[in-house]
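Quick look at what Swiss-Prot lists:
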{"type": "CARBOHYD", "residues": "ASN71", "note": "N-linked glycosylation site"}
{"type": "MOTIF", "residues": "284-288", "note": "motif 'Proline-rich sequence'"}
{"type": "TOPO_DOM", "residues": "1-21", "note": "topological domain 'Cytoplasmic'"}
{"type": "TOPO_DOM", "residues": "43-150", "note": "topological domain 'Extracellular'"}
{"type": "TOPO_DOM", "residues": "172-177", "note": "topological domain 'Cytoplasmic'"}
{"type": "TOPO_DOM", "residues": "199-210", "note": "topological domain 'Extracellular'"}
{"type": "TOPO_DOM", "residues": "232-238", "note": "topological domain 'Cytoplasmic'"}
{"type": "TOPO_DOM", "residues": "260-263", "note": "topological domain 'Extracellular'"}
{"type": "TOPO_DOM", "residues": "285-348", "note": "topological domain 'Cytoplasmic'"}
{"type": "TOPO_DOM", "residues": "370-375", "note": "topological domain 'Extracellular'"}
{"type": "TOPO_DOM", "residues": "397-404", "note": "topological domain 'Cytoplasmic'"}
{"type": "TOPO_DOM", "residues": "426-432", "note": "topological domain 'Extracellular'"}
{"type": "TOPO_DOM", "residues": "454-464", "note": "topological domain 'Cytoplasmic'"}
{"type": "TOPO_DOM", "residues": "486-494", "note": "topological domain 'Extracellular'"}
{"type": "TOPO_DOM", "residues": "516-553", "note": "topological domain 'Cytoplasmic'"}
{"type": "TRANSMEM", "residues": "22-42", "note": "transmembrane segment"}
{"type": "TRANSMEM", "residues": "151-171", "note": "transmembrane segment"}
{"type": "TRANSMEM", "residues": "178-198", "note": "transmembrane segment"}
{"type": "TRANSMEM", "residues": "211-231", "note": "transmembrane segment"}
{"type": "TRANSMEM", "residues": "239-259", "note": "transmembrane segment"}
{"type": "TRANSMEM", "residues": "264-284", "note": "transmembrane segment"}
{"type": "TRANSMEM", "residues": "349-369", "note": "transmembrane segment"}
{"type": "TRANSMEM", "residues": "376-396", "note": "transmembrane segment"}
{"type": "TRANSMEM", "residues": "405-425", "note": "transmembrane segment"}
{"type": "TRANSMEM", "residues": "433-453", "note": "transmembrane segment"}
{"type": "TRANSMEM", "residues": "465-485", "note": "transmembrane segment"}
{"type": "TRANSMEM", "residues": "495-515", "note": "transmembrane segment"}
Amino acid sequence: MPTVDDILEHIGEFHLFQKQTFFLLALLSGAFTPIYVGIVFLGFTPNHHCRSPGVAELSQRCGWSPAEELNYTVPGLGSAGEVSFLSQCMRYEVDWNQSTLDCVDPLSSLAANRSHLPLSPCEHGWVYDTPGSSIVTEFNLVCAHSWMLDLFQSLVNVGFFIGAVGIGYLADRFGRKFCLLVTILINAISGVLMAISPNYAWMLVFRFLQGLVSKAGWLIGYILITEFVGLGYRRTVGICYQIAFTVGLLILAGVAYALPNWRWLQFAVTLPNFCFLLYFWCIPESPRWLISQNKNAKAMKIIKHIAKKNGKSVPVSLQSLTADEDTGMKLNPSFLDLVRTPQIRKHTLILMYNWFTSSVLYQGLIMHMGLAGDNIYLDFFYSALVEFPAAFIIILTIDRIGRRYPWAVSNMVAGAACLASVFIPDDLQWLKITVACLGRMGITIAYEMVCLVNAELYPTYIRNLAVLVCSSMCDIGGIVTPFLVYRLTDIWLEFPLVVFAVVGLVAGGLVLLLPETKGKALPETIEDAEKMQRPRKKKEKRIYLQVKKAELS
């Protein structure tokens with residue numbers, strides 16, 4: 001009996017219907033960007049210092065410039081105005097309203113040396129050096145409360161983790177289209193509610209809800225488009241779907257620049273989700289899923305609709321459907337299957353580490369850029385541009401060179417770029433940006449490679465389980481990354497880059513221990529997967545020479 005792939009060969013593997021559907025789902029992919037990396041703009045932390053009652057009035061009376069006001073009233077500023085923990089989180093215990101204070105050096109009358117003046121934590125809020133607003137400036141997520149910004153982003157990734165597993169199961173149980181529309185609706189409503197949140201706690205709840213459904217919706221969109229196209233187009237369409245995410249990065253930078261208020265920015269990036277609800281009339285259910293649920297009549301109706309859209313017709317001989325998988329006895333996948341045999345166990349551990357590393361470096365580099373960059377909008381835009389050549393490199397090398405070497409090199413390039421950035425002087429900003437973009441391109445290639453190779457190393461009956469379990473480390477990485485970046489920068493601004501360099505270089509080395517999958521059929525059994533080892537040419541040649549030598553003697 002024919003499969004969906006057999007029918008698509010006759011009615012079009014990537015014709016008008018698939019192109020229209022891809023365009024619609026690509027919009028969904030781009031709209032996921034603000035949730036995944038929006039913390040750069042929503043959680044932007046500008047320079048700040050304690051608000052002290054009476055300072056503004058004294059500054060106005062004395063006619064100080066902003067720089068003079070900071071120099072006279074803020075502790076811990078360096079000679080060039082460098083910020084520190086003291087300047088941002090501590091204040092002089094001085095009554096600035098007293099009339100005896102001098103305009104030239106107001107603290108000289110209180111102590112011969114400023115370092116002898118008592119300090120105390122900020123009690124009256126902060127003054128932020130920015131014309132816009134972020135969740136940091138509105139809810140004062142600085143100093144003793146800075147961990148609350150880490151929690152904000154980590155909770156999104158907790159939602160990613162739970163939603164990808166739970167909603168992924170529901171999509172297999174109740175259908176792709178239904179779950180896609182539900183995730184879009186919840187994402188849209190919770191996004192609007194977050195924009196009007198009265199306090200930090202409610203904002204946290206609604207952001208978690210967005211995380212719970214948004215990544216799951218992105219994954220369902222990925223599954224849908226790959227199930228609508230023919231076998232020969234799946235990999236290319238999958239890469240292009242991720243390129244749409246990159247386009248979303250570029251658009252996000254422009255929207256964030258135009259809307260420096262975080263609430264308006266949140267509204268702007270959320271409202272398009274309501275338009276995606278129109279997909280109810282534009283995108284049908286996956287015929288492959290319908291067949292797997294023994295709903296062949298509905299599947300054939302959709303297939304005929306696709307054929308009509310493509311200007312084709314379904315041959316009568318192909319109108320009896322069967323699932324792509326064998327309908328005989330099926331093995332039940334088990335988590336133990338991922339670690340029971342030596343080669344698969346090695347694959348599982350290396351892939352889990354690489355998923356974790358890809359997430360930490362990808363999100364971490366973006367977050368660090370928001371802290372260290374001079375212009376976060378331009379830096380974000382430039383670093384997003386390098387994801388286009390990253391996708392081109394993958395398409396160019398994956399079937400020519402293979403998976404293993406480009407993947408290993410990309411990890412090592414990302415790690416080396418992070419390490420090099422530590423030693424580049426601040427006055428060579430152009431070089432810092434160039435090296436940062438190189439690192440971003442490297443980790444982008446690694447991220448997309450691990451998505452592909454993960455499915456190619458496991459036998460059929462545990463393939464989905466293996467991808468699910470290994471990729472869950474991606475969300476674990478996303479949970480720890482905010483704490484890693486924001487806390488380590490409190491110690492030293494470049495400290496996170498050193499950590500990124502180490503984990504990236506280790507990941508590249510571990511990839512070389514995996515077998516090459518280029519040109520190899522997908523393993524069907526445990527035995528097939530266990531035999532996917534690199535050819536040991538040198539050892540075989542040595543044995544051959546020893547045999548010939550023995551024959552001659």
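Cβ from N, Cα, C; glycine included.
The transmembrane segment (349-369) and the transmembrane segment (239-259) are not in contact, since fewer than 3 Cβ pairs between them lie under 8 Å (pairs 6 or more apart in sequence). Around ASN71 (N-linked glycosylation site), a 10 Å sphere centred on its CB holds 13 further CB atoms from the protein chains shown. At the 8 Å Cβ threshold, with sequence separation of at least 6, the transmembrane segment (465-485) comes into contact with the transmembrane segment (151-171) through 3 or more pairs.
In terms of DSSP secondary structure, the topological domain 'Cytoplasmic' (1-21) contains 14 helix, 0 strand, 7 coil. Sequence-distant contacts of the transmembrane segment (495-515) (same chain, at least 6 residues past either end, Cβ-Cβ under 8 Å): 346-347, 350, 353-354, 357-358, 360-361, 364-365, 368, 404, 407-412, 414-416, 418-419, 421-422, 442-443, 446, 453, 457, 484-485, 488-489, 532-534. With DSSP classes pooled into helix, strand and coil, the tally for the topological domain 'Cytoplasmic' (172-177) is 5 helix, 0 strand, 1 coil. Per-class residue totals from DSSP over the topological domain 'Extracellular' (43-150), listed helix then strand then coil: 36 helix, 13 strand, 59 coil. Counted over residue pairs separated by six or more positions, the transmembrane segment (239-259) shares at least 3 Cβ pairs under 8 angstroms with the transmembrane segment (22-42), which defines the two as touching. Tertiary proximity for the transmembrane segment (405-425) is limited to same-chain residues at least six positions away from its ends with a CB under 8 Å from its CB atoms, namely 354, 357, 361, 365, 393-394, 397-398, 431-432, 435-436, 438-446, 449-450, 453, 494, 497-498, 500-509, 511-512.
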